[in-house]
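S.K.: Below, the features straight out of Swiss-Prot:
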- D36, Q44, Y49, V89, F123, D290, T331: FAD binding site (BINDING)
Amino acid sequence: MEYSSVFDVAIVGAGPVGLFTVFQAGMLGMNSCVIDALDIVGGQCAVLYPEKPIYDIPGYPMITAQDLVNNLKKQAEPFAPVYIMGQFVESISEGPDCFVLQTNKGTSVKCRAIIVAAGSGGFGPNRPPLDGIMEYENKSVFYNVSQMATFKNKKVVIAGGGDSAADWAVNLAEVADKLYVIHRRKSFRCAPNTLKKLEELADEGRINVLIPYQLAGLDGENGELRSVVVRNITTKEEIPIGADFLLPFFGISANLGEIVNWGLGVEGFQIPVEQSTCRTRRSKIYAVGDIAAYPGKIKLILVGFSEAALACQDIRAVLFPDTPLNFQYSTSKGIPTL
């Protein structure tokens, strides 16, 4: 498929920052398309933790990840973005007047500027090395929580010691019948406030924390768990824990895919940018959100929102040099019509 029109901006990535970039571009009179390898918008927020509460979005004391995604998508709707989902950009070629992006499914998109808002790129869970685990996946073994109600009055085992493990332990303690947290070490790598809540719930007997233990095996049939076997790292003793669900939170494996071949000077999993404009080393290609790197960078959604505004302001000046921008606050000009 080939889109005949030339978009002002092509946004690579439909996570929260990518969605807000649609809005920022639209507020400056620029139309856009959004390309993402996932079938749904929202990135990790929608796929890995839609019901996880987020506390550091300005104006929201608390908002779930999915509600944030829904609000951002609704905010972008007046600008009628074209969503090209379930596809990733394989190549970028540059002509005299525009870029041409080719996806893995043969879609061709023309645009005048590109904003990469791809987060950490493609992602997938780090699967624990347990025999037969794939038989249970998406039945009684999950790497994310999409609906907390699934675990109501159930026996749940959480494995891991990072933010996801600790956050979900605290949240699922409100609904689970029994909740176990399995961790190899005494220390957890999570926010201090979350750790405090975790310890309080453990003291109250609402969470059973097993340290130093690791996963050793699964027991069940037809994809339904009966128990999770854990092993004491010090004594090597193994014990079964009755369980309906196992949630292994060992992080995700990120993959930037073809982005590393776009001539953007990728370092690790990030693209170096000019802090004030989010320009990359290629003209008219920008990077925002977690994938953008500069001295002092903080990986927060709200920082990505700011970067989206900076990039769109610069793109508008580059694409329309003869049309000065009369800056106005949104409270004064409202939502423009493209």
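Cβ coordinates come from backbone N, Cα and C, glycine included.
Please situate the listed features within the shown structure.
M.R.: With a 10 A radius on its CB, Q44 (FAD binding site) counts 19 other CB atoms from all the protein chains.
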S.K.: Three-state secondary structure of D36 (FAD binding site) from DSSP?
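M.R.: D36 (FAD binding site) sits in a strand per DSSP.
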S.K.: Who sits close to F123 (FAD binding site): which same-chain residues at least 6 apart have their Cβ under 8 Å from its Cβ?
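M.R.: In sequence order, the residues whose Cβ lies under 8 Å from that of F123 (FAD binding site) (at least 6 apart) are Q44, L48, I252, S253, A254, N255.
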S.K.: Quick one: give me the count of other CB atoms within 10 A of the CB of D290 (FAD binding site).
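M.R.: Other Cβ atoms within 10 Å of D290 (FAD binding site): 26.
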